[in-house]
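Novice: One structure coming up, written as structure tokens, with questions to follow.
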């Protein structure tokens, strides 16, 4: 009699994905972030579900309902802060995951990579809409500023913005629809993540060397299940340290002031995980140009496979490319810092230089370095 794990139609799918899956024997901890993202998503859906049970998506009561969750609901405060800081952990894992893909050439799995980029956009949209829900000052003005960017689209821009708002300004209709979208999108993300995995399992995992590992595979369970559990424990430890000791560390104090359309905060800025893109947006003096730069800063990831000029897949044996990759990381950290600074000298100039460097590194310098490395192989 065959094992139920291998014969049952549902169990068979799980078995082939998480138990008997042949995995490369040499994948490092950088390959942990996929499972960590799955855990983050489940955690966000669960905490979000419990928050939605007590949240009110009406402009008059939204802010009070969040205060009520924190003060009166049993363990509401921990659910709220796990959800808010869980988003930060989600983005840390996301950026690490994408960085790993860029470093080790995982973008050569075209379908997996493209679904991943779509996932990144979807998660960013979800996080943005979630930030609007507490209806604090930064929620309101963040929503106003970011949705207003669409008015830069020629001809249809203004109509599009008013259609999204459901009126002539960010108001009750906007908050209600943002809540609806914020609730449904994580389930769409979960479905997309399954497609992401489906495409990945068509080819099998990449590994640090970038060389085919077909000759040296080990079963996913117990080797990588135990490794993923360790990663999960560290993730939960980091999250709970944040939640229990400094829950407001990454938030904005302005969001503890109820939304007021008549009073603009001195510095409007998004959550920390969007600051790099916000810095790129602000560094272009033209509105439409800024919006295009903002979209392209993420959409550029789609071009990664086309910009791969090296004969080797991974950067493991390519010191020049490694150097440029870590310069890119430093550049992104600089952009993140600039995004949180006021629009004044010297921050404007630093932001513009960092923005130019960002696109220059990805579009010109890294492909050039790869070609130089190809020539060095002939020596």
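All positions are counted from 1 along the displayed chain.
Positions of Cβ are set from backbone N, Cα and C atoms, glycine also.
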Novice: Would you mind telling me which of 178-198, 199-219, 262-282 Swiss-Prot tags as transmembrane segment?
Specialist: 178-198
Novice: Return the count of C-beta atoms lying within 10 angstroms of the C-beta of residue 201 (ubiquinone binding site), excluding that atom itself.
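Specialist: Its Cβ shell of radius 10 Å holds 14 other Cβ atoms.
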Novice: I need the CA-to-CA distance for residue 182 (heme b b562 binding site) versus residue 97 (heme b b566 binding site), whole Å please.
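Specialist: Between the alpha carbons of residue 182 (heme b b562 binding site) and residue 97 (heme b b566 binding site) there are 23 Å.
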Novice: Where, among 77-98, 320-340, 347-367, do we find the most CB pairs under 8 A to the transmembrane segment (113-133)?
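Specialist: Stretch with maximum Cβ contacts: 77-98.
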Novice: What Cα-Cα separation, expressed in whole Å, is found between residue 201 (ubiquinone binding site) and residue 83 (heme b b562 binding site)?
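Specialist: Rounded to a whole number, the Cα-Cα distance is 30 Å.
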